[in-house]
């Protein structure tokens, strides 16, 4: 209790447990070797449990609680935190006091409350919580807000009915915090040596652990001997010769930063598609490139894009901030991909090769949290890698603008059309603010280019060059084998084959349906083959975890549907098994292309039976074109199919047989076999239609005119 001049305290000295207290003066005396201290009692008595608190805090006493009115303000609905729906005042506030870890009630220290009738909303709009270091920014008055500052080191602003952000922080009106300030700062401090020769940078070899972390995260192309591509048998055809192919990356000036990253990634020589595509793209020409899978198409378009962005320098300043109006990201390069996995992979490569530069890359795709992707866009974006659906969504929201696009890339373009994305592609290019084909550079890459893709190129590419490298769609580095296995014996045959497998690489097994994917994965795991799976019903985190487990050899067997057949660069895949053959030969091409990548040898085994007859003829043709060993039984089976006649041997309404009969009518130059009102005779007309389509397309590009309209 406080000690003062009253009836219990008349000014005399009191001795409490050896402590002498007086209200007059301070002195020190010694009696019987005992030291007593006399102190002035101008301050109230403080218990021992509070002394440590007073020494380490600016609080004056235990009784220094906020007034009742302030405590009422603490419970005001305007002081709610939207993140956890709790109150910021009272006991919900937890003080972080590094000098005192005692959690007793005596250690409670109240924040100081103040009412501000001219609130600006306070705080930073970029933070995720409700706290903001430093003073609030001043802005125009809006409503009433309550703020409190424990130890005067924090402040939080909220506004009544205002523009509070997700996470509980208020919005500032006068000078909003800009998330991409660092982005523009990086660009303002960067000078490209091609524009500023005095800024010439020497190649600096990174420390081993840092290079391992940055450039070997995706080790698909690390250590690969690209000399395996230097084969005179590899043909390179272009519709127009404008420059000689490259012999090394140093033949063109890509900039010091990019050339250094290429060395760090141990890219010693360009692959054939890179040799021809790089100079064409650097000449600012549109390109439609067809090259074998795993030949380095991703680097072929990323290198010129990163180099061009660095040469152009800092982007234009964003438009002025308007309250309530979202600020759109304005990328300079857009890469469209058919799947999330391929988009993520391209993004990783873009990050790797733009290391040490201000170039910023962002990836957006469906199945992931859209608010996180919007946050990334707000931090600045030069290269945007996207799937079509999520991009259309953000374009409609006004969070992305295509007005500054200088480079447009369609990767695995035929796959996007196969998946039904053509309307979205046309919408993105034509219905939003993307520059016209004469004002941007458009690049299309894929392993196959059927007629539908050629028409798309004719619509969106301007004065383009067609590039074809090697065997279209497949590679001679892959050994293809075909085995006759009936449906009932597939599991046991697969088990016997894997049991005798001596390879230390990865094995990728393709099936037709999602149910088969789960069933076969369970079957192999039960028999001690570590297996994971990937298909369309899995969430994006589940897909990423499965791919990471496969890449890291934790589960060296991956069962997948065709979602994994396109564009995925997974190193060390030595074996691909077509447990279920596809009905489209182009899908087969991309499936087996997951092995034999970048100069390595690979093996592809396919299980064939009566169910797969419709694709047999195309498969035989493809195997012959790549000089594969063909079993006699397979060749005889396909020959017998060709010799079969009449509607009794085929169902004219079957889509598979339509494709099959159409193929043979073209090869044999035959008419229809009659019957069914001339139903089969219609295939001869399809052949003529196909010729007319070729002739029509030959008007779009001289290459197809000179080659009879064929891209093979």
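Placement of Cβ uses the backbone N, Cα and C atoms for every residue, glycine included.
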What range among 218-246, 247-275, 276-304 does Swiss-Prot describe as motif 'Q motif'? 247-275
Of the ranges 403-406, 407-410, 411-414, 415-418, which one does Swiss-Prot list as motif 'DEAD box'? 411-414
Secondary structure content, the motif 'DEAD box' (411-414) (per DSSP, counts of residues): 2 helix, 1 strand, 1 coil
